[in-house]
Amino acid sequence: DFGRSSELAFVVEPSDDIAVQEQPLILYCQVEGIQPITITWRKNGVMIVDSENAFMLANGSLYVSRFQRVRGDGSSDEGEYDCMAQNHYGLVVSRKAKIQAATMSDFHIHPQNAVVEEGGVARFQCQIHGLPEPVILWHKNSMPVNTDNERYTLLPKGVLQITGLRAEDSGIFHCVATNIANVKFSREARLTVSGSHSTVYKDPMILVGPENLTLTVHQTAVLECIATGNPRPIVSWSRLDGRPIGVEGIQVLGTGNLMISDLTVQHSGIYVCAANKPGTRVRRTAQGSLVVQAPAEFVQHPQSISRPVGTTAIFTCVAQGEPPPQITWLRNGQILETSDHIKLKNNNSTLSIYGINQADEAIYQCLAENSAGSTQASARLTVLWADGLPSPPQGVRAETVSATTIQVSWEKPLQNTKEIIGYVLHIRKAADPVEMEYQEAVSKSTFQQLVTDLEPSTSYSFYIKAYTSRGASKASEVTVVSTLGEVPAMPSLFIKVINSTTVQATWEPSIKLGQHEGFKLYYRKVHLSQYTGPVLLASNVTAYNITHLDASVVYEVKLLAYNQHGDGNSTVRFVSLRETVERTVLNPPCDCMKDEQNNKTSTTGIIIGIHIGVTCIIFCILFLMFGYRGRLLMCKNVQEQLSTPQIPRSQRSATGLVLNGATRRDREDRDLNGKQLDMNELERLFPASPSQEQQEKGITVSPAGWEHTWLCIRELSLIIEEQPDPLPKNPHGSSPAALAPNHSPANEG
């Protein structure tokens with residue numbers, strides 16, 4: 001019983017039909033519900049009056065005695081029929097039944113003569129339009145074609161395919177089209193099978209590919225594909241979207257035609273026929289689209305409901321189909337007009353009736369319709385009304401208190417006030433739809449309510465209902481009043497220093513300030529009492545630059561928003577430009593273009609400098625290595641010179657100890673005091689006057705060679721120091737040099 005009203009509903013509705021010329025036609029309509037029920041019929045929206053040609057039967061069906069496509073007066077029995085049923089609960093309308101006359105046109109495609117070699121493929125076609133769709137049969141030599149022969153394939157659209165031709169297939173062919181309106185014969189065509197089977201290679205070729213088809217669910221689709229080639233190509237099918245075709249209801253007719261039985265919406269898509277040469281990847285393809293439509297059907301039916309007066313009634317009607325159906329609502333058989341308290345949402349799937357009253361009690365129908373068909377479902381709204389309910393509250397008044405507050409007052413109803421348990425105040429912006437309404441409950445002893453949190457300069461509507469345990473009263477009269485206006489809120493002000501003479505003031509977007517007409521901007525030096533301004537700015541402006549300022553003083557900036565009700569509170573900020581001037585002096589502005597060029601140049605210079613530096617380091621290391629080796633050779637020569645004259649072993653050992661000790665002691669002193677041996681020590685060790693033996697041999701030591709000699713001795717002493725010291729330390733902590741006798745510088749030399 002889904003989608004039916006128990007008070008009045010259809011059991012049988014008229015269906016689409018194809019009528020035969022001059023034959024009777026019956027359209028069925030059966031209704032159940034509470035009597036008395038009146039049934040009437042309409043054609044194309046116009047009431048049908050009983051006549052000799054068309055009249056209603058006792059069971060409510062419509063009888064057309066002699067259906068005519070065109071009558072003498074130019075009228076026609078073709079059209080859309082529906083029946084209407086009415087009782088004192090309401091009126092319902094059936095689905096529309098489309099009635100068409102059975103017809104058949106002449107053939108617009110006839111079979112053509114064909115000459116095909118043995119082993120090839122022959123195809124004949126004839127086409128004719130008619131209602132209902134004509135059934136086409138083929139005759140060969142005036143006899144029906146033997147459909148048991150697997151080489152003969154008859155397709156529903158009037159196509160005959162013959163594969164693997166043989167000599168006995170030659171003959172004269174024609175087709176016969178039949179439906180309830182007529183029978184017609186096509187012209188004849190001769191098939192000639194010539195020669196013997198050829199062995200010459202031929203690429204695969206598709207003679208005829210699939211056509212684009214639009215069908216309805218549960219029908220059968222035949223996609224034609226006939227291919228030739230030598231060797232005989234293999235025909236295969238696929239979907240362009242890659243989805244599998246499936247196996248249920250799928251059948252191959254002949255050598256490659258695809259038949260899909262009991263169509264569903266999921267069968268819609270583009271189908272690809274491929275002719276492949278056996279054992280290779282050589283192929284030819286053709287494609288065609290299949291569109292499967294589904295008539296509208298309900299997923300969710302509207303349900304009959306009962307609601308008290310003043311409440312909200314909601315009906316839901318969800319339908320599906322392909323293409324998606326359009327939903328229309330009827331109220332007692334008439335198209336439902338929306339208003340302030342009747343709204344349609346969600347693509348007309350949801351019907352909402354706000355503040356229902358007794359006039360809204362009716363049968364509501366949901367009609368779902370698309371190109372594949374239509375359907376309807378109905379539900380009844382019962383408005384509950386109890387005797388003895390209070391009358392509407394009286395004297396409703398609303399007074400504005402402030403920009404956000406209104407006080408509403410009323411008087412108790414005139415009748416049936418003893419059972420009142422409270423009042424409900426209904427509040428809504430006057431410009432908002434009814435569904436935006438909200439309520440506030442009030443005790444039965446209170447006759448006024450302060451409504452707060454309203455918006456300034458806005459109109460509101462109010463009405464009151466009195467409630468009892470058995471239901472609510474009717475609504476009181478509606479009163480509308482507006483809140484007072486108010487000045488805008490304080491804007492959020494931010495100050496940004498641009499340079500030494502300019503600052504920028506920015507503030508929040510205007511939507512956060514409430515209703516306002518614009519802004520006023522003031523500024524002054526803090527030590528002055530007079531402001532500069534106001535600078536008037538439009539409501540959509542959110543920034544302003546203040547220029548020509550003195551960098552040595554502090555400024556006060558003030559911003560406020562204003563409207564027709566006055567100026568709002570101001571926001572004040574202080575700003576100093578002195579730090580900006582100091583930063584400018586310390587960090588002068590740069591020429592960015594010049595710096596960019598310098599950066600490019602300096603980058604190249606850095607790379608060249610790195611190469612030069614690495615080269616210099618390598619040369620320095622080589623120079624030091626070879627120079628150190630040369631000094632060692634020179635020091636060896638000096639050592640040989642210093643070894644003359646010969647000193648006894650005992651003295652030489654002691655002298656070596658003295659020299660070694662003196663060198664170590666001198667080095668320790670140098671490490672502690674950070675000083676080197678001076679020239680006096682060099683003169684003492686190497687006197688300027690040569691010895692007598694040297695003079696005799698012609699050897700002289702020039703003062704200029706002292707430094708070089710000293711360096712060599714120093715290096716030799718470092719080498720000696722690195723060797724292990726065989727002498728034990730003195731128990732008293734003194735060095736071995738302290739134990740040696742004191743020799744003169746001459747002897748040491």
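Just so you know, glycine gets a Cβ as well, placed from its N, Cα and C.
Here TrEMBL flags 8-100 (among others) as domain 'Ig-like'.
Per TrEMBL, domain 'Ig-like' is recorded for 105-192 (among others).
TrEMBL lists 204-287 (among others) with the feature domain 'Ig-like'. In terms of DSSP helix, strand and coil, the domain 'Ig-like' (204-287) has 3 helix, 44 strand, 37 coil.
In the predicted structure, the domain 'Ig-like' (295-382) carries a mean pLDDT of 92. According to TrEMBL, the feature domain 'Ig-like' maps to 295-382 (among others).
What TrEMBL lists as domain 'Fibronectin type-III' is 392-486 (among others).
Helix, strand and coil counts under DSSP for the domain 'Fibronectin type-III' (487-583) come to 9 helix, 50 strand, 38 coil. Taken from TrEMBL, the feature domain 'Fibronectin type-III' applies to 487-583 (among others).
Residues annotated as transmembrane segment in TrEMBL: 606-626.
Taken from TrEMBL, the feature region 'Disordered' covers 723-749.
Residue counts for the domain 'Ig-like' (105-192) under DSSP, helix first, then strand, then coil, are 3 helix, 43 strand, 42 coil.
Looking at which of 8-100, 105-192, 295-382 has the most CB pairs under 8 Å to the domain 'Fibronectin type-III' (392-486), the answer is the stretch 295-382. Counting residues per DSSP class in helix, strand and coil order gives 0 helix, 46 strand, 47 coil for the domain 'Ig-like' (8-100). Break the domain 'Fibronectin type-III' (392-486) down by DSSP state and the numbers are 3 helix, 46 strand, 46 coil.
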